[in-house]
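First the structure, in the form of C-alpha cells, and then the observations on it.
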Amino acid sequence: MNYTTQMDAAKKGIVTKEMEIVAKKENMDVKDLMELISKGKVAIPANKNHKSLDPEGIGQGLRTKINVNLGISKDCYNIDMELEKVQKAIDMKAEAIMDLSCFGKTEEFRKRLIDMSPAIIGTVPIYDAVGFYDKELKDITSEEFLKVAEKHAENGADFLTIHVGMNRKTAATFKKNPRRMNIVSRGGSLLYAWMELNNKENPFYERFDELLDICEKYDVTLSLGDACRPGCIEDSTDASQIEELIALGELTKRAWERNVQVIIEGPGHMTLDEIETNMKIEKKLCHGAPFYVLGPIVTDIAPGYDHITSAIGGAIAATHGADFLCYVTPAEHLRLPNLDDMKEGIIASKIAAHAADLAKGVKGARDLDNAMAKARRDLDWERMFELSIDEEKARRYREESKAKSKDSCTMCGKMCAVRNMNRVTEGKDLNMLRDDD
C-alpha cells in the first residue's frame with residue numbers, strides 16, 4: 001500500500017476500498033467523501049487487522065451511527081452470554097460495538113468479538129490494564145499502559161477510547177470547581193486516580209506521540225474520551241468539561257498531523273436547552289471532528305427508562321451536529337444489561353438517529369418514512385412490518401390483537417380513517433355496520 005491510514009490515503013487522493021464501500025452506503029460521490037476524510041470531518045474506523053469488518057463512515061453529512069456497549073465484568077463473567085449480545089447487536093445492524101470488559105484476562109473475548117463482527121469494534125485499554133498485568137492500578141507504569149493499548153490495536157480494534165484530555169491542567173480545574181457527581185467516566189476516574197496516587201502526568205498525554213505511533217501503525221482511530229463528561233444535569237457545561245474539550249481540540253490537530261483519524265467523545269447528562277450549544281462548542285473547539293455522545297441523558301430521575309431519556313437527548317444532539325450515538329439501555333445506572341435490555345436500547349438509539357437524520361436532511365432518510373406512509377395508505381400490513389425498526393414487535397402486536405377486518409386494527413375498527421378515505425375516494429360504500437368486509 002502507498003498509504004498508512006485512511007486519512008493519509010485521503011490526503012494523497014487515493015480511494016481505498018473502505019471509502020468505496022462507505023460512499024456507496026451513503027449514496028455520495030467517493031471524492032466528496034475522500035475530501036471530508038482528508039479534513040478530519042469524517043472517520044472510517046478500519047483497523048488493518050479487522051478482516052471481517054464491513055466499514056462505516058462517521059461524521060459530517062453521513063447517516064447518524066449507533067454503538068452498542070457490552071463486555072465482561074467481575075459480577076457477570078460469562079463469555080457465552082456476551083457473545084450472544086454481540087450476535088444480537090450484529091443482527092440488529094448496530095454499526096459499532098464497544099468491548100467494555102473490565103475484569104480478568106479479556107483478550108480471548110476481544111479476539112473472538114473482532115473475528116466474528118462486521119461492525120466497527122472499539123475498546124478502552126485502561127479497563128484491561130489491571131487484569132492484563134495482575135497489578136494494582138497505581139503500580140502500572142506509563143510504558144505498560146501503552147503496551148496494553150498496542151495489544152488492543154494488534155488484536156484488531158478499530159478505535160481506542162483513551163482519556164488523553166484528563167491531564168494535570170484539567171485535573172487542576174476539576175479540583176478548583178467541585179462537582180455534585182465528581183468524575184463519572186470509568187476510564188477518566190482510573191486515570192485521575194493513577195495521576196493522584198503517583199503524582200504524575202497522564203501517561204497517555206505525556207506519551208501521546210507514542211500513542212499516535214500505535215494508531216498509525218494499525219490504522220486505529222483515536223476516540224478521545226471525555227473524562228469530565230457530566231454525570232448529572234447539575235454538572236453539565238462546567239469548567240472541567242470545557243477545559244478538557246479545549247485539550248481534546250489541541251490533541252486532535254496533533255493526531256491529524258500524523259494522519260490519525262479522531263472521534264471526540266461527549267456528554268453525558270444535561271438538560272434539553274444545553275444540548276445544541278454543547279454540539280456547537282465541540283465542533284468549534286475540535287475543528288469539526290466527528291462527535292460521539294452518550295445520550296445525552298436529559299433528566300436524572302428515570303432509572304429503568306434511561307433508554308428513553310437518552311433517545312430524547314440523542315435525537316436533539318444528532319440534529320445539531322453529533323454524528324455517533326452510544327446506546328443506553330433500561331439497565332443504565334442499575335445493572336449489566338441483558339439481551340432484552342440491549343434490544344430496547346438499540347431500538348431507542350436507532351429511532352433517535354433516524355429522527356435526527358430526517359431533521360438534518362441526510363440523503364435517503366425520508367425514503368423509508370415515505371415508503372411507510374404509502375404502506376399505511378394502502379393498508380399493506382406486510383409492508384408496514386418490513387419497514388418497521390422493530391419488525392418482530394410490530395408483527396406480534398398486530399397478530400395478538402386479532403382484528404376482525406384485514407383493513408383495520410382494534411383501535412378504530414371500521415371507523416379507521418385510512419380505510420374509509422380509501423373507500424369513499426374509490427366510490428365505494430363504507431359498510432360501517434356489516435361484518436362481511
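Cβ from N, Cα, C; glycine included.
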>> Asn69, Met98, Tyr127, Ser185, Arg186, Gly187, Asp226, Ala227, Cys228, Arg229, Glu265, Tyr292 show up in Swiss-Prot as binding substrate; which entry in His152, His163, His320 does that record put in the same site?
In response: His163
> Measuring Cα to Cα, how many angstrom lie between Tyr127 (substrate binding site) and His333 (Zn(2+) binding site)?
Replying inline: 18
> Taking the residues Asn69, Met98, Tyr127, His163, Ser185, Arg186, Gly187, Asp226, Ala227, Cys228, Arg229, Glu265, Tyr292 listed for substrate, what is the greatest CA to CA distance in Å, to the nearest whole number?
Replying inline: 20
>> For Gly187 (substrate binding site), which of the three DSSP-derived states applies: helix, strand, or coil?
In response: helix
> So around the [4Fe-4S] cluster site, Cys409, Cys412, Cys416 aside, which residues have their CB within 8 A of the centroid of those CB atoms?
Replying inline: Ala403, Ser408, Thr410, Met411, Gly413, Lys414, Met415, Ala417, Val418, Arg419
